[in-house]
Amino acid sequence: MTWIILGSVGIGLALGHWLLPEQIVQYLDTVTTTALYLMLFGIGIDLGRQKEVWVRLWNMGWKVLWLPILIATGSLAGAAVAGLLIGLPFNESTAIGAGFGWYSLSGVLIAEIYNVETGALAFITNVARELLTFLLVPLVARYIGRFSAVAPGGATAMDTTLPVITKATGSDMAVIAFISGSVLTTLVPILVPFFIQLK
Amino acid sequence: MTKVLIAVALGVLVGHFNIMSVNPKKISKLTSLCLFIMLLAMGAQLGANDKLLGDLGRLGWQALVLAFASIVGSVLLVRLAENHISKQLEQSKQKAKRAIGH
């Protein structure tokens with residue numbers, strides 16, 4: 001999946017650079033707007049069908065929600081501070097941070113409703129977050145804490161980075177990481193458009 | 001912004017109450033197809049923009065700073081609450097065990 005996603009962007013890049021004249025790029029707008037809303041609708045259906053998370057959340061107790069809330073707040077604050085350092089406006093840095101590692105959605109969402117440059121930055125940032133997660137989770141688990149090791153993965157803690165987290169922290173953290181990742185995944189299509197429209 | 005949220009919310013309703021009893025595999029195929037169209041389009045817009053292409057190096061290091069800071073921020077906050085969360089969950093677990101015992 002990762003390679004298909006990166007490959008699609010790469011093919012698009014090559015097409016835009018060497019083949020497509022600018023008029024066609026402009027026509028693309030109707031197609032991508034339609035694709036955006038269909039995709040969001042589909043993501044919504046996926047989220048709505050996931051009843052397993054709610055059952056697990058119920059069994060664990062609602063206090064486990066503190067974990068994704070802290071991860072979300074920390075990610076947004078970190079991104080905002082980084083934005084100040086590299087000279088990005090608050091709405092852009094926080095919207096990029098609100099991708100929580102879900103690079104495909106945060107990238108195309110921002111590219112479509114804001115601008116391509118920020119969308120590309122969101123895409124690369126959240127790819128980097130996933131890659132850094134693979135490197136950092138074992139270190140965080142050993143030197144900082146087991147719950148802290150769920151944080152780097154953000155939304156990806158429910159799928160792509162779940163195996164690394166479980167391996168580094170123990171199998172009893174799998175359910176907690178899955179719940180945290182699912183909650184953050186649900187927040188991405190809500191928080192990214194919210195922060196990007198802040199002035 | 002509102003349109004985006006409405007699209008997601010409609011999907012959640014349809015998915016939760018299983019309104020259109022469609023095959024979930026078909027939905028995920030459609031979602032993936034739309035995603036690839038958008039990724040291609042994002043790539044094409046990038047590729048057609050020479051100024052942005054020249055800026056990819058800058059975007060790369062900005063991305064690294066943003067990603068690293070997001071991770072550090074989230075780990076820091078969770079670390080501060082680590083003991084509290086772990087205690088709370090231990091209590092919930094014991095409560096659940098006692099409930100099963102009775």
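For all residues, glycine too, the Cβ spot is worked out from N, Cα and C.
Nonlocal intrachain contacts for the transmembrane segment (A:24-43), taken as residues 6+ away from its ends with a CB within less than 8 angstroms of a stretch CB, comprise 16, 105, 108-109, 112-113, 189. Residues or ranges marked as transmembrane segment in TrEMBL: A:24-43 (among others).
Long-range contacts of the transmembrane segment (A:64-88) within its own chain (CB-CB distance under 8 A, at least 6 residues past either end) are made by residues 57, 94, 96-98, 100, 147, 150-151, 154, 176, 179-181, 183-184, 187, 191, 195. Taken from TrEMBL, the feature transmembrane segment applies to A:64-88 (among others).
For A:100-124 (among others), the entry in TrEMBL reads transmembrane segment.
Outside the transmembrane segment (A:131-153), and at least 6 residues removed from its termini, the chain residues within Cβ reach (under 8 Å) are 67, 70-71, 74, 101, 161-162, 164-165, 167-170, 173, 176-177, 180-181. What TrEMBL records for A:131-153 (among others) is transmembrane segment.
The transmembrane segment annotation in TrEMBL covers A:173-196 (among others). Outside the transmembrane segment (A:173-196) by six or more residues, the chain places 40, 43-44, 47, 50, 53, 56-57, 60, 64-65, 67-68, 71-72, 76, 91-92, 94-95, 97-100, 102, 105-106, 109-110, 113-114, 118, 122, 146-147, 149-150, 153-159, 161-162, 165-166 with a CB less than 8 A from a CB of the stretch.
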